[in-house]
Amino acid sequence: MDGGGGGGGCCPTMDLMRSEPMHLVQLIIPIESAHRTVSYLGDLGLLQFKDLNADKSPFQRTYANQIKKCGEMARKLRFIKEQMSKADLLPSTKPVTPTIELDYLEIKLEEIEAELIEVNANNERLQRSYSELKEYMLVLQKAGESFYSAQSSAAAQQREIEAQYTNDGSIDSPLLLEQEMMTEPSKQVKLGFVSGLVPKEKSMAFERILFRATRGNMFLKQIPVEEPVTDPVSGEKVEKNVFIVFYSGERAKAKTLKICEAFGANRYPFMEDIGKQMHMIDEVTRKLSELKTTIDMGLLHRNSLLRKISEQFEEWDLLVRMEKSIYHTLNMLSIDVTRKCLVAEGWSPIYAANQIQDALRRATIDSNSQVGSIFQILHTKEMPPTYFRINKFTSAFQEIVDAYGVARYQEANPGVYTIVTFPFLFAIMFGDWGHGLCLLLATLYYIIKEKKLSSQKLGDITEMTFGGRYVIMMMALFSIYTGLIYNEFFSVTFNLFGPSAYACRDASCGDASTAGLIKVRDAYPFGLDPIWHGSRSELPFLNSLKMKMSILIGVAQMNLGIVLSYFNAKFFRNGLNVWYQFIPQLIFLNSLFGYLSVLIIVKWCTGSKADLYHVMIYMFLSPTDELGENQLFVGQRELQLVLLLLALVSVPWMLLPKPFLERKQHQERLQGQAYTALRSDDIDSIEMDANHDSHGHEEFEFSEVFVHQLIHTIEFVLGAVSNTASYLGCGLSVLLIQSYRACSSKRFCSLLGGSTMSLFSSLGSSCSSLPLWVCFWLWKL
């Protein structure tokens with residue numbers, strides 16, 4: 001249970017450094033006031049209920065039927081929302097408070113669902129009739145234009161086949177009049193025809209199958225339709241052809257009808273007489289007009305109904321979700337043997353006891369209950385959940401920390417330090433005070449309009465941005481600060497704090513070179529001297545500055561984490577963690593990377609040209625060799641030997657003593673418990689622990705403790721190296737970004753050549769060790 005805001009003026013001052021002290025409480029609630037009590041406690045948001053019915057299935061719980069009813073109502077609301085989406089209507093975004101009863105809403109939703117289903121069914125039926133009439137009109141128009149020419153062609157083909165059959169009587173001739181001509185060769189059989197529409201994509205296969213099935217005993221005429229037609233069955237737009245199939249004989253007719261059905265071809269009647277055709281066109285036109293009017297009236301009625309629903313939809317949806325949550329909570333409560341009370345247990349902050357009791361009293365009064373609820377505190381050794389009181393400023397930072405992991409109960413809260421470290425590390429990447437000003441102005445709009453925007457329903461991206469408005473504001477402020485240090489305003493330099501400290505020695509000094517520059521005044525008072533921008537030494541200089549600065553920031557932040565572990569150990573009175581975790585970790589980190597940070601500062605102060613990479617590498621490979629030109633101060637080699645020895649000793653110091661000492665403490669604790677007389681209050685506490693303590697009597701497994709300590713030690717040693725490399729990668733990323741920006745200058749592109757792009761393409765390997773948000777902003781830039 002973390003997050004959530006505390007309410008009421010009776011609350012103590014918010015403690016950001018640690019989670020709130022918690023206690024386990026028990027509530028005995030009368031049945032008649034249970035619903036209202038849970039509702040009021042839910043509005044308060046300061047009690048986390050325990051599930052006392054974990055051994056029961058959802059169907060065996062007390063309020064299973066009510067949850068089923070709420071689920072059915074939620075299904076109806078989803079159906080209504082789908083209908084509103086189809087009608088391009090959005091629910092009202094005004095803040096709502098449920099004012100109707102659940103039973104009334106259940107009846108109302110059932111009526112609305114039945115009405116919408118009926119309206120949709122009628123509209124679907126009318127749309128299908130309208131689509132069929134539209135297709136029929138196309139058949140009448142298109143087939144009427146070419147019917148007689150097609151009929152003449154079919155008749156000529158029939159006469160040709162009759163003549164061929166009469167002359168040779170070959171068994172290879174087409175069976176055009178197989179039965180009719182064999183019985184009465186002199187009798188002429190009248191041609192029949194079928195008309196309709198077939199999908200254009202199936203027209204070629206349709207023609208081939210007809211020809212093969214009838215052995216050529218047909219004549220097919222297809223006329224393409226210019227625009228897609230709404231299919232009556234699927235309701236989708238489909239490109240179709242109007243077709244007329246002429247056949248001879250009943251067998252050919254039967255085959256033709258089956259093929260039309262198989263290909264989804266819609267058949268429509270067609271009259272040979274022109275007068276009947278014109279009369280049918282007029283009749284279809286009149287029916288189309290009537291259907292169009294009826295469909296429009298039906299859609300108008302449905303949209304009017306949905307528009308009225310949209311004004312109350314959010315209220316109904318909120319009520320159903322609230323009721324479902326209340327009944328889910330009630331199902332976590334156990335029912336008393338008298339079946340007149342519900343027993344609840346849950347965790348709450350200690351400061352919230354008075355607020356919870358006030359909510360219980362209000363629920364008793366509002367529900368007209370004869371008996372009030374009972375509130376009592378239980379003593380237990382269970383680990384309480386973590387609860388941080390937050391406000392609108394700290395909530396987003398706390399969510400960032402919780403996304404990686406929630407701190408254990410009463411541990412130091414990393415969210416406090418994230419308020420500074422997170423936006424500052426972002427600003428190191430985004431150091432441009434022009435971009436920072438744009439970001440700040442956009443964020444100030446959200447902050448000024450926060451009361452108005454918080455009451456509206458925003459889109460997903462806008463809502464996420466609005467929720468993190470204070471995080472973005474801090475990012476913008478730090479970006480302005482680092483941008484002034486980098487002296488960059490949309491990648492352009494300014495002499496904001498006075499002129500450059502350097503000037504050309506003579507007229508031959510070029511803009512793109514630092515050779516021939518002399519110092520003519522005091523150092524630039526703040527930030528980067530503008531003379532560096534555009535010079536040939538810009539990238540080597542920035543490489544040295546920013547990558548080393550990244551190491552300093554990284555080592556400082558890792559030391560902060562180790563110091564926090566000391567305060568945690570002191571708070572929990574855990575001396576083992578102080579002596580066998582905090583001290584060796586501090587020694588290991590600072591013997592290596594703290595020493596590197598000191599060398600960086602000494603090199604900056606003295607102006608030495610020592611190679612720090614060489615110093616650190618040979619500190620491990622050849623610690624006794626002379627340093628030569630890489631020596632920065634007297635006694636450096638001896639100091640490195642001591643630091644290296646301390647780093648090597650600190651690893652077994654972290655690994656070995658703690659598991660053995662924990663085993664010894666556990667054995668002493670067991671021996672002390674075995675021979676201590678029990679008092680009456682101890683018996684009560686043991687009985688209480690039997691019900692509420694799942695961790696008090698666990699067996700001590702030395703192997704598990706040792707393996708856990710081994711993993712922790714390896715993780716710290718490797719993490720110290722990899723985290724330092726990550727910060728170094730962060731500095732490299734800044735350099736690549738600025739190199740990319742600098743390439744807008746043709747002069748710089750000619751100097752950098754392809755090296756910058758090759759470095760930029762290798763950034764993917766660095767991103768594997770960088771935080772996700774860093775990679776995101778890097779690739780966005």
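In case you wondered, yes, glycine gets a Cβ from its N, Cα and C as well.
Of all ranges given (102-136, 172-206, 347-381), TrEMBL attaches the label coiled coil to 102-136. Predicted-model confidence for the coiled coil (102-136) is 92, expressed as mean pLDDT.
Remote same-chain residues near the transmembrane segment (469-486) are listed as 392-393, 396-397, 400, 419, 422-424, 426-428, 430-437, 439-440, 442-444, 446-447, 450, 496, 526-528, 738 (criterion: CB distance under 8 Å, separation of at least six residues from the stretch ends).
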